[in-house]
Amino acid sequence: MAGMTGMAGMTGIAPPGRGWLLRLVIAFAFAQGAVSMARPAVSYRALALGADARAVGVIAGVYALLPLFAAVPLGRRTDRGRAAPLLPAGVVLIAGGCALSGRASSLTEMALWSGVMGLGHLSFVIGAQSIVARRSVPAEQDRNFGHFTIGASLGQLVGPVAAGLLVSAEDGQLARTSATALLVSAAVAACSFAGLWRIERRTGRAARCVRPVRGGKATLAPVPVLGILRSRGVASGIFISLAVLSATDILTAYLPVLGEHRGIAPATVGLLLSLRAAATIACRLVMTPMIRMVGRTALMAASCLVAAVLCAGIAVPLPVWALAVVLALLGFTLGVGQPLSMTTVVRAAPDAARSTALALRLTGNRFGQVAAPAGAGVLAGVAGTGAPFVMLGVLLLGSAAVAARGLRAAGAGEVPAAGAGGASAAGADNGGASAGVPGADDASAGAAFGPRPYGPQERALPKERHVPFRRPGT
């Protein structure tokens, strides 16, 4: 036991005790809940200020614009230093963005503060997931990441309902009630501060800057971004993640527009969005049995294909009960793509660049959050409010083709992983991914695009993959 304690101290991993994790889950639930409440409220606030569907799309895209450029630098910074300062900084930006959006009097201001909110969410997610990775021994990473994502799921479940209850379109009250919802979301974000005390143990630089040792010298230079992207499976995983997150994001931003067009009350829209989130939670609870049954890539391809059909179906005028069924099924299928694309990127990336690879995945997500809403806004202005959902169907169909190509490349050699790593590391990416997670366990990564030819211990010695371990000097 003493040896294990000493090893934990040398590696910078905290000894057992999970009070920090509970506090982090609570803080993340408040932060994600605030963002999930604010996103539809921002759309309603913009409509009250005279925005059309195109302007709503632009504002929704600006939410991801600043994070698009900040993800990789923050990921590399987290590898080199402490992660905890990113959490309070993120909370301040989220709360400030929400409050100032509620006070905004023009669409330009709405777009600006929406971008600030997005940058805050990015900072919080990178810092929080880095802390989970550092304070979890390998045997506990799956469990701790799984518990951590409960915070995101709770926020995504409760936030839209709260926004729907606060926002009212009756008697010209949309401007006032949407502003109130944004101010309340700022207060909810501020509650995150209660869980952030002593959230990260201070560790030495050596513990934070672990790199593979080759030829007796530590490799400190970062792996080039192009080298990471050329790794087989990284680009595919990024595209699938982009498609799935774009679908989730446009659903959140455009369902209020669709509801306004079809006469669906804001409270009902909030319930529909929460139903989608609840179905996603249900999907991740049964992720492991599904992976065992069909394999990771087959599950990813099938889920993207079904989601494509369901997204296109939203464009069809449906009664509210039928729309609820479609959104529940869509939420379940969209719950697959994010966690499994994460395991794809982790598995495919070079060992020394997993944090940066995950940051690149987050950059792809943010690019999708910028481009997809903007494109959806143009389509909605030209072809009507149902057109963005048809666009999502096409995008998801493309991601299904990418996943199917990976399945064909893997052939019959794919071995479904028995662990639940993919599901457990998932939910933060709805709005946030896991850039800066340096210690993701190989067992949780799985074989998303076919089996790797050698195991994690052998990967540390690429020139001696199948040579048994020998002590130095023997």
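Just so it is clear, glycine is given a Cβ too, placed from its N, Cα and C backbone atoms.
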Match it up for me: which of 145-167, 214-236, 421-443 does TrEMBL list as transmembrane segment? 145-167
I'd like to know the mean pLDDT over the domain 'Major facilitator superfamily (MFS) profile' (20-411). 81
Most CB pairs under 8 Å with the transmembrane segment (54-74): which of 110-133, 238-257, 299-332? 110-133
